[in-house]
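Feature annotation from Swiss-Prot assigns divalent metal cation binding site to 17, 18, 109. What Swiss-Prot records for 11-201 is domain 'RNase H type-2'.
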């Protein structure tokens, strides 16, 4: 299915999406993407519907053909301080701030958003499977976050982040129980607190 613009007009439409919200470790990433009105690619879809190879194939296409794109990052420490919902909004704000042009309309994947500088925004549940600018943002956010987890894995291979990317897999939780938490774990997340709590016989 070919994805569309939200409104067929001349406004600079920017799609925003995040990656890593449900993870136990690592930062949350967001991307903001302004695509040309005529942009089209047969593979473009929600990043969760694509293989890893397809996502990395699309990333340079998006980056080279877009009008502008930006990446925003919020650290685990910031997530613990302000909570993951606010951290997701902050990551999107930081991504928008990286754009070379000010957007005229924001498309947000999800049902909530903290308004950014009075730019009109539309929250769309499942927007990454419907609108191409959000789909493109989902691909950039996902691939750049995956890259960051691979880098962190070099210093903390015991957690298996090259496989689980920080998500709460059984192996990841088991590693937290065995080795304790790292500086990159989100200490306020229930999965981390539960896994790090000693078990009693």
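Here the Cβ of each residue, glycine as well, is placed from N, Cα and C on the backbone.
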Largest tally of Cβ atoms lying within 10 Å of a Cβ, found at which of the binding-site residues 17, 18, 109:
17
Take the mean position of the Cβ atoms of 17, 18, 109, the recorded divalent metal cation site. Which other residues of that chain put their Cβ within 8 Å of it?
16, 19, 30, 31, 88, 92, 108, 110, 127, 128, 134, 137, 138, 141
When pLDDT is averaged across the domain 'RNase H type-2' (11-201), the result is 94
Should residue 18 (divalent metal cation binding site) be counted as helix, strand, or coil on the basis of DSSP?
strand
